C-alpha cells in the first residue's frame, strides 16, 4: 500500500480494503494508523538483510564478499518495487519505524564485519570503531542507491564500474 500510494495516502480504508478486513478489525490489532506504518520499515530491513544473506555464496571471502553484499543490496532494491518510496518517506512519515530500520540494518552490517574480523580478513577493531565502519559502508550504499535508483521506478542495473570502484576502495580502506 505504501509502495503504491506513499505513506500519506495509505489510509486505513485502503489498508483494510487491500487486506479484505473490516476497519473495526484493524483496530483490534493496531491502535492507530501510525502504529502500522511504523511496522513497515523494520520489516523491510529484515527482508532486505535476509535477501542479502541469501545471496552470499559460502566460498566468498573478504573484499569479494563485501562487493557481493553491495550487489545484492542493489538487486534487492531494484527488484522490490516499494523500496525507494518506503525508505525515503519513512524518515518523515514513520520516524519510529525508520529508527528501528536503521538499528536492524546497522546490526546486520556489524555482524557481517565481525565475521570478517574472525576470519582475519579485516583488522581487529573495538566495537565503537566497528560501528563507525558499518555506518560509513551503509552511507556509501545509501548514497549510491539515491544516485542510481529513483523513486519513479528507474530500476536500471548499476554500472559495473561502480562495483569495481567500490572494490578498489574497500580493498584499500578495510581489507588485508
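Positions of Cβ are set from backbone N, Cα and C atoms, glycine also.
Here the structure is a predicted model, which means the values were calculated and not measured.
Record features (TrEMBL):
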DNA_BIND  11-30  DNA-binding region
DOMAIN    1-48  domain 'HTH tetR-type'
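Helix first, then strand, then coil: DSSP counts for the domain 'HTH tetR-type' (1-48) stand at 33 helix, 0 strand, 15 coil. Per-residue confidence over the DNA-binding region (11-30) averages 86 (mean pLDDT, predicted model).
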